[in-house]
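Feature annotation from TrEMBL assigns domain 'THH1/TOM1/TOM3' to 14-287. Residues annotated as transmembrane segment in TrEMBL: 30-54, 66-84, 104-125, 137-160, 172-193, 214-234, 254-272.
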Amino acid sequence: MMKLLLDSSQIDIINWWYDINKSIQWQHGIFFTLCALYSFVSIIALIQVIRIHLRIPLYGWSTQKVFHMMNFVANGVGAIVFGLHNNCFMLHSNVLMTRAILDLQGLFFFTTFTHLVWFWADVYYKIRSFPTSKLKIWYISINCVIYLILGCIWICIAMNDNDAVVLVKLLFIRKICVAVIPFIAILGVLIYGGRLFIMVWRYFDEWRGGRKKLIELGYVSSICFTCFSIRCFVAVLSCFHHDDRGLDHPVLKMIYYMVVEILPSALFIYILQKLPRRRVSGQYHPII
């Protein structure tokens, strides 16, 4: 009797899983939920930018302020993409355009999160008395090269969309690039986030607020590492799967974007919510 109940419950779960995949109402609900979550995080990030500007209006764009603005833009793009899902996700004839839009959305989050890696490298180099003038150039150059490579791949895909053999090869190359991008970010987190964490861990007793900075750095670097690792794993998985990211179910899509984009962005805003002092002497040091 118990075995029959278990078998029937398993069948019900399987039927429910397939019903969601085929149900337009469920897909609308899931994608609009993602849109609402992206919008909420985006608005909170914008509020942080406004709060920082009102707190220190004369100091321009600090690292903290730029990061929150980039977070606002990235989550805003996510809200637009999922808010207009009828024009991409629900149209099977527009699969290539959907993948291109999702790639662009992922690149925005890559640029936003690696902004923290650039900041860690800048702090580490300054502590070690190394020159930091080229770090920003490297950060911008790497991002521009990544955008350019994926842009060229998508131009080639658009020009060869009628040639099935060439199209398959180009899409596979694109999947490899999408997997390499978070791997680059993982290396940046390990190299610069790890170095800075070890340095702060050695001397945090000598710095005022050093223990708190150590905890913040540990949380932020761990979130970045986890986020990019999941992206890399899913991208590698997609190379052996017929679906773009190995996510052929709306529930899986919701879990994926919650874990790698929405939740990390919200945690960053919470961890980095402390505002700078109203009156500071000398040069303003951003709080990250």
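From the backbone N, Cα and C atoms, a Cβ is placed for every residue, glycine too.
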Is it the case that the transmembrane segment (214-234) and the transmembrane segment (104-125) touch, counting contact as three or more CB pairs under 8 Å in which the residues of each pair are 6 or more positions apart?
yes
I'd like to know if the transmembrane segment (254-272) touches the transmembrane segment (172-193) in this structure, counting it as a touch only when three or more C-beta pairs sit under 8 Å and are separated by 6 or more positions.
no
